[in-house]
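Asker: My questions all concern the structure below.
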Amino acid sequence: SVIELGKMIIQLTNKTPASYVSYGCFCGGGDKGKPKDATDRCCFVHSCCYDTLPDCSPKTDQYKYKWENGEIICENSTSCKKRICECDKAVAICLRDNLNTYNKKYRIYPNFLCRGDPDKC
């Protein structure tokens, strides 16, 4: 769920999840146009990951994970929860690995500036 995703973002980036709300064209919704930078591309890939889970509820299904030796370990009983956790883990790692591309000018980015068809997943 968004709760666990938020915790992962804090643990891996030391940024508040609010830093990524309405960032670029893909973080926090929108999902149109082209990613503005590598940080926004992380969110694009995350959206694609969620698209592979049509029978799950990634924004509301709560799952369990461990934070062990600086690593996220997904531990869930159901396939949906495990896969949601893996999608969220991947985006949190991607955001951490691309912290150097984070640009404040893309925070609360106006959605109308996101034009064109998005890349294919």
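Every residue, even glycine, has its Cβ placed from backbone N, Cα and C.
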Asker: According to Swiss-Prot, which listed range is region 'Important for membrane-damaging activities in eukaryotes and bacteria': 39-51, 91-103, 104-116?
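Answerer: Going through 39-51, 91-103, 104-116 one by one, Swiss-Prot gives region 'Important for membrane-damaging activities in eukaryotes and bacteria' for 104-116.
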Asker: Sorry to bug you, but what's the C-alpha spacing from CYS56 (disulfide bond) to CYS42 (disulfide bond), rounded to the closest Å?
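Answerer: Cα-Cα, rounded: 21 Å.
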Asker: Which one of the disulfide-bonded residues (CYS87, CYS121) has its C-beta surrounded by the most other C-beta atoms within 10 angstroms?
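Answerer: Within the set of disulfide-bonded residues, the most crowded position is CYS87.
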Asker: Could you state the CA-to-CA distance between CYS74 (disulfide bond) and CYS114 (disulfide bond) to the nearest Å?
Answerer: 33
Asker: Tally every other Cβ atom lying within 10 Å of the Cβ atom of CYS43 (disulfide bond).
Answerer: 24
